[in-house]
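Visitor: Relevant sequence annotations retrieved from Swiss-Prot are reproduced here:
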type     : residues    : note
DISULFID : Cys24-Cys45 : disulfide bond
DISULFID : Cys27-Cys32 : disulfide bond
DISULFID : Cys38-Cys63 : disulfide bond
DISULFID : Cys67-Cys78 : disulfide bond
DISULFID : Cys79-Cys84 : disulfide bond
SIGNAL   : 1-21        : signal peptide
Amino acid sequence: MKTLLLTLVVVTIVCLDLGYTLTCLNCPEMFCGKFQTCRNGEKICFKKLQQRRPFSLRYIRGCAATCPGTKPRDMVECCSTDRCNR
């Protein structure tokens, strides 16, 4: 009986882990407080800083399947843990 109970606990933990989804910040401001749950296949949080004109910066944050590319004068940081793209 104890073996059956232990087996059920292990199976439950494994099944719950398969349903894990990443949570990333998602807003265009420097100081962000909005979160989004990433879709299936999106395993990366990113923060992209675009320099549009001198002294004009644009922040982009969100989820992605792969780390986004950059243009000259852009910076991108990618990570893979919850809310890591601050």
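Just so it is clear, glycine is given a Cβ too, placed from its N, Cα and C backbone atoms.
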Visitor: Quick one: Cα separation, Cys24 (disulfide bond) versus Cys32 (disulfide bond), in Å?
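Guide: Distance (Cα to Cα, whole Å): 11 Å.
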Visitor: I'd like to confirm something. Which of the disulfide-bonded residues, Cys27, Cys32, Cys45, Cys78, Cys84, has a Cα closest to the Cα of Cys63 (disulfide bond)?
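Guide: Going through Cys27, Cys32, Cys45, Cys78, Cys84 one by one, the Cα closest to that of Cys63 (disulfide bond) is Cys45.
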Visitor: Round to the nearest Å and give the CA-to-CA distance linking Cys79 (disulfide bond) with Cys45 (disulfide bond).
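Guide: About 5 Å separates the two Cα atoms.
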Visitor: Quick check for the class: what is the C-alpha distance, in angstrom and rounded, between Cys78 (disulfide bond) and Cys45 (disulfide bond)?
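Guide: Cys78 (disulfide bond) and Cys45 (disulfide bond) have their Cα atoms 6 Å apart.
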Visitor: Counting Cβ atoms within 10 Å across all protein chains shown, which of the disulfide-bonded residues Cys24, Cys63, Cys67, Cys79, Cys84 comes out on top?
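Guide: Neighbour-count leader: Cys24.
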Visitor: My understanding is the cutoff is Cβ-Cβ under 8 Å with a sequence separation of 6 or more in the same chain; which residues meet that for Cys32 (disulfide bond)?
Guide: Leu25, Asn26, Tyr59, Arg61, Arg86
Visitor: Pop the Cα-Cα gap between Cys45 (disulfide bond) and Cys27 (disulfide bond) into the table, whole Å please.
Guide: 12
Visitor: Among all chains shown, work out which of the disulfide-bonded residues Cys27, Cys38, Cys78 has the most CB atoms within 10 A of its CB.
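Guide: Result of the Cβ crowding comparison: Cys38.
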Visitor: Just counting, how many other CB atoms are there within 10 A of the CB of Cys45 (disulfide bond)?
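Guide: Here the count is 27.
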Visitor: Sort the disulfide-bonded residues Cys38, Cys45, Cys84 by C-alpha distance from Cys67 (disulfide bond) and give me just the closest.
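Guide: Result: the closest of the disulfide-bonded residues to Cys67 (disulfide bond) is Cys45.
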